[in-house]
Every structure is written in C-alpha cells, then in structure tokens.
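Report on the structure given below.
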C-alpha cells in the first residue's frame, strides 16, 4: 500500500463511523425513528428538551465542570513544571504521577468518593475522637450541587495525563536551553519557564488540553459517581433518556445529545478566546521585562496541589485494595471488622475469563493505531501531506463528540451492513478512540524531531525507509512506547464502545467492572478496579523502563 | 457461498411451508433436541455478585443436563438489552440476534411487547409451568400488563423496609414513617426515581395515602390525575426536607442505598426482596442488627421474568434455561438467602414430596419475615403510573439544585 494513501485511509476509518453515527443520532433528534413509527421530521424532541426543568442547571454543570477542571488541571501542571522541573523532587514526583494515568477514571472516582464522603476514611480517622461523631454527619460533600467533587475527581485524573503530555513535549521544545537563557537574563525559575518555555510547549499540548476539556464535559461514569444528580450533568441525563424503557424518550435523548455537541463546540470556542486573552496578557508580561524574586510561594502551592491530586488517587487505590479484602466494615472503624479473601476467590475466575480478550483487544487496537499514526506522520514528512489544522481536528472528532451521541448510530449502521459484533468489530471500534490519543501523544514529538538527522542519514546512503526504521523510530523510542501505553490504557478503559459494538458478547475487564459498579458493591469494585489498574499499569512501566534500558548509554535520547 | 445461502434462506422465507418453523414449545422433545449444543446469551443485570453466582450455577446445570452453554452478558441496565434488540430490528436483522434471553419485568417488558420485539408465546407450554402457583403469585400479569406467555416467571419479590435495630424500632405504616423521619432527619432516603426501586417507594407511598387504591390498576386517567396524586406530593413535600442530605442528593441504585445503610449514613431503607437483608448480612455487607418490617396495609409485590427476543439465535436453548429456572432445584437454591434469597413462584403444596423437601430445610435468615408476617402482596399499579409519577417526581424533586 502506498504511504500516500495512509492519511486518507485513516480519515475514512475514523470519520466514517463517527459521521454515520452522528447521522443516526441527528435523525431521531429531528423526530425520525422509524422503528417506533416516527417518520415525520419535526422539532418536538427539542421542545420536550427545553421543557425539562433541569436543563439550565445541567447545561451550567457541564460547562462549569468541563471548563473548570480543564483550566485547573492545566494550571497545576504548568506551575508544577515551571517551578520544579529539573529538580530532584520533580523527578521523584514524575515517577509517582505517570503511573496514575493508567488508573481507570471510575476506579479513581470511587476511591476519592470513599475518602471524602461523610462516612469516608477521612471522617472515620477523625471520629469519634476529634469530631464526636458516632454516626456520619449529614453533609452534602460527594454529589454536591456545584459539581466541586466532580471537578476534583476529574482534576486528579487529568493532571497525570497533561503532565505526561507536557513531559513528552518538553524534550522537543529545547526547554533546557531556552530556560537557561531566560534565567541568565535574571528571571527566577518559574518566570523563566513560563516566559520562554511555556509558549512552545503549549502549542504542542493544545489538542490534548482540548480533549481534556471535551472529555470533562461529556464524561459519564465519573459524573455518575461524584457529580450531582438533582439534576445530573447533561451527559448523564442523555444516557438516562437513551436508556429509558419508553422508547420515545430516545428522541429527547438524541435532541439532548445534539445540544451536548453544540455545548462542546461552544466550550472549545470559549477556551479559544481564553487562549487569546492569556496570550495577550503573557506578551505584555514578557515585554514588561519585570524581574521578581520570591516565586517560592507559587512553587509551594503548585507542589501541594499536585501532591494532593496524586495522594488522592493513591489513597483511593489503597482504600479500594482494603475494600477488596474487607468483610463487614462499620462506621467509624478505620479498618474492616474482618479481613477475608472471599471477594478475590469469588471474582478471580471471572477476571481470568476476560483477561485474555481484554489484552488481545487492547494490543490489537493499539498496534493498528500505532501503525496508522506512524504511517500518517511519515507520509506527512515525506510527501508534505501535512494535514491542515482543520484536518487534524477531524481526527479528534471521536474524542470531541459525546460517545453516547454517536455510538448507538454506529451500532445501527453495523447491523445494516451485516457486520457481526465480535472481537474484530470491537477492536475496530476501539481504534476510533485509541488512534487520536496515540496520534496526540506521538504527533508532536515525531514532528519536532530534528530532520537534519535524516539529512545526515540520507547523505550516508540510507533510503527513506531505512531512515524511518533505523534512525527516527529508535530515537523516538520513548514517545512511541508512551503512545502505545496511552493507547493500551485507553482501550482497556472503553466501556460504551465495547458494550454496544460487541453486542454485549465481548466481555472485557471494564464491561464487567462497570456492570458490577452499577451495583455499588465496594468489595467487587475494589477487586475489579485493581485488576483494571494493574492491566493498564504494565505498559506504562514498560514505556518508562525500556528506553532507560535501551538508552542507558545515550542520555540525550531519554527525554520521553 | 454465503450469498447463495442467503438467497436460499430468503426464498425459503417467501414460500409458505418452506420456512423453518420456530421451535415449538409444545413439542418439548424437539426443543431439547434443538437446544443441545446451543449457546444461550442471557442478558441480565450484573450488578450483584450473588445473582451472578446464581446464574453461573444455572449455566453449569443446563450444560450438564441439556448440553446448553449459558453465557451471562452482564448489564448495568436492562434497557441496554432492549436498545440492542431495537437496533437489530431497526437494521432489519430479524434472525441471529445477539440476545437469547433477558431478565426483564415491568416497563421494559411492556415496551418490548408493545413493539413486537419478543418471541412467543412459550411460557405456559414449558413443562415446569405445571408447578407454578398461577393462582397465588403474580405470574400472569406484569405490572397489570398480561404476560400472554411472552415471558416466563422465575422469582417473586415483595417490598420490605430494612432498618437497623440498633437505631430504631419497626414503623407501623407510611404515616409513622413520615413522623419518624421528621423526628430523625437525615436518616432515610430512597433510590432516585426513575430508578426502579425508588419509583417503587413512590408507588408504595401512593398506596399508603390513597383512600381507594383501585384506580392504580387502570391506566392513568388525565382527568382525575392531579387530584388523585395530590396527597402523594403533600406527603413527599413533608418528607423531603427530612431525607438524607435534605433530598439534595439521592443514592442512584438500590445497592448504593444498602451501602449507605452499611456505612451508618441512614437507618432505614427500602428493599424489593424480603431475603435481601439476610443475604447481605451473611455476605458481610450489612450489620447483623438489620431487620425488616412491612407497613400496615401491605406492600407491593411482583415477579421477575425471563423473555426471549423475537430474533434470538437460540430460542430453543433459551426455553430450556427458562424451564430449568422453574425447576424445584433452581427455585430452592434461589430461595436460600445463602445464595439469593428470592421468593419462589412455585406452588409448594403441589410439589411431589421429594422436591418439597428441598424447600423445607432452608433457613430464611435472621432478618427475613415469615410468609405470614409478610402478608399479602399488593398488585403493581399499571405501568403508566410508574412512568407518570416518576416523571412528575423528577420535575418536583429531581432538579431542585
């Protein structure tokens, strides 16, 4: 196959299903759902949506939690890197944070909920000794109406993701030298980093940040666990309507999904305006030439916030581990009344059953996505087939469009075309979601690779293929492995695509875990969340460990 | 080759008498014959480890006895299965569907039956139907909708209230529940409607405040609706500020509500399974001080069913599973709170002695009421009530923030 065809093929593979799925959603939003006898186009569904009294609050929640958690995550990561990169504590921190990326969102959310709830571990540790409470206080902490605990749950998960993206970008941004020049001009470390390094780094991580924004607005599992429910966020409400026994509610659900899509677009627009404002302020700050001493306060705040984020996830995981071996566990005990292996014995066989398929699907989807991504990037390099910015946005459509909006439509089309739901179909569906993350992780390091290396290799007689395999990919080993690890973790975490496209016949660790989580049995959740985390953790360990092993004598290549 | 087969099948479907008949449940020998070697995909809620263990046990038994492989497709919501069948119908996939059996009842059944998404009738031709307590158990109507043999019962359920006897005493009726909640704010809640169990609480409260509950058995009549339900909203207006978190948040499911009881956040919770509290105590999920009571006037009861989609791949195997679920062995195992604690649909008096003995030895558990204490079950209101009051509840209390 010609390399030139790869970008087109990729676009078709990604866009086809999404657009077809969206069409399958837009039709019912405008009143067309033949299976229940609705064939007349109309706006009834939107009228019903507008009549829902929870709409303003649900829309506000989606916007505030999405924009808030994206901005907060980005601010924490930026300040952390600005104040601490290059230091020993940063290196330690990075080793702790990166693996947290693999913790499934739902698992992290459950862990956090049990930490901060009025009957949670923090209150238990203080009761009744310090608080005098023998019963949990009736306080609305988890599921608060403002969505604060939802934002906290999203931030603790997005900070590791964005940190990893920034670290991948740093190596390509010539950060160390830029920072050195700025510091030699008399700026302290944070100011030097923010002024000289942040702009090029942000340019590279911009799409990941936008993905975080769209994801935070449309996430379902975390919002169901930590978010308010009177009313819930719009995404959760869409799922409820789509799942309502009364099939006519699907019309309203489809209308809400259309609105959700518009909201995501609006939020991206707001973010873009915010970027311009920050850029303007930043330029003024740079040109003002101000030198300021005493960044220690900021540095401490950044470290504390990031530390809380990391500690929350780690402590949450520890709590889930305890739950997985807990017998009855009474308030205010900080330790279960009994420890038992029964939960592991009960769920162990089920875990073993689905582990193979989960690994197979994640491995295949990641392999395909990686091949497509490298193909696209190499085609871009050799033939100048650089996608315009608009073209790149298309690649991220699967991440920007709410899953609950287009997946049922994809399912319908698969059935119409006679494609059986099976492992292969699930792999194909996972590629939709894995590819953008892989491309996102790999694209910028790949492009930022110094092409003078290729010129040198060519002058030594190497053809383009040999340059790719013998020079470029080995040099990019760290980002390639990181991209693969991200892809693997993304695939392991997919719930709706696996369920809908596999027709429920392809159980994975995540479909089993979410089904059990719907029952709220913390012991079962503990077991499955740990398995899920372990499964996603392994590739990250490899992504961090292998380059160190391979490049132990080539320190300059270790920036990934 | 495949295309040729498709053409032949299409031609066969066009010519009457050529079409391969669906397995006929009246000819049970041929159903058993067809079922052997089939794989049955049973889509059932997977949120409860004890239910999952029970389904796995059923799978082992039907494999041994009938050569049927049972795969449990664990759902987080039964509506996912309804959506799947709907999508298949939408796409014209009228054969070879992904789902062979669904654990279903109430509005999901009504919706599938209405949309013509079900296989059957088959239930009353199953050999073990003869054992079913047709007169005493709600097995021929599901939320007042006639089952017409389109779904087969496998368990009964009745509302009870679980309470922590370390915190409180049983309550006499729904009025006493309100008084107690006002005296003990923040210690009671119910799953958020339209959750099944939460809506059941609303219907139970409706039974408690209506002078003449017989209107509930007919579809909602718009004319008198507001007047009929006014006492319910008055009751809930008084109750809500005294709920857990002042009604600003609710547990999303029944099991989450049980977790709140276990965490000591609440003292009182509703359950749709008289044996659930005992089973949860045995599993270490609830303190052993939890007991159950039923308010005066009785509580709502219903049955759980299994149905077969119209386009199931293995309808014969699915019927074999449905029939096995009605066997004395399966029913006795489900009744034991060490396994499930679900009520039986069988008429124990009509069972042969050997099979009845399976039930005699079962210890119902410390928190389970005897059938006499449980009292008669009130019929489920027509599904339109459930849909309507759940929707109104959402408008009144579900968007309060």
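Each residue's number is its place along the chain shown, starting with 1.
Note that Cβ sites are derived from N, Cα and C of the backbone, with glycine treated the same way.
Checking the ranges A:30-56, A:300-326 against TrEMBL, the transmembrane segment annotation falls on A:300-326.
In TrEMBL, the annotation transmembrane segment applies to A:422-442, one of the ranges A:422-442, A:443-463. Most Cβ pairs within less than 8 Å of the transmembrane segment (A:106-126), among stretches A:146-170, A:247-273, A:359-381, A:525-546, belong to A:146-170. Here the transmembrane segment (A:476-496) does not touch the transmembrane segment (A:61-85). Their Cβ atoms form fewer than 3 pairs under 8 Å, with each pair 6 or more residues apart. The recorded stretches the transmembrane segment (A:207-227) and the transmembrane segment (A:359-381) do not share 3+ CB pairs below 8 A when only pairs 6 or more apart in sequence are counted, and are therefore not in contact. When Cβ-Cβ distances under 8 Å to the transmembrane segment (A:146-170) are tallied for each of A:61-85, A:247-273, A:300-326, A:393-416, the top count falls to A:61-85. Nonlocal intrachain contacts for the transmembrane segment (A:525-546), taken as residues 6+ away from its ends with a CB within less than 8 angstroms of a stretch CB, comprise 95, 98-99, 101-104, 106-107, 110-111, 317, 320-326, 343-344, 347, 351, 355, 358-359, 362, 477-478, 481-482, 484-485, 488-489, 492-493, 509-510, 512-513, 516-517, 560. Of the ranges A:247-273, A:300-326, A:359-381, A:422-442, the one with the most Cβ pairs under 8 Å to the transmembrane segment (A:61-85) is A:300-326. The list of residues near the transmembrane segment (A:422-442) in space but at least 6 beyond its ends in sequence, with Cβ under 8 angstroms from a Cβ of it, reads 10, 13-14, 17-18, 164-165, 168, 207-208, 211, 357, 360-362, 364-366, 368-370, 372-374, 376-377, 395-396, 398-399, 410, 414, 476, 479-480, 482-484, 486-487, 490-491, 494, 497-498, 501-502, 505-506. For the transmembrane segment (A:359-381), the residues of the chain that approach it from at least six positions outside its boundaries are 3-4, 6-7, 9-10, 13, 387, 423, 426-427, 430-431, 434-435, 438-439, 442-443, 446-447, 451, 468, 473, 480, 483-484, 487-488, 491-492, 498, 506, 508, 535, judged by C-beta separation under 8 angstroms.
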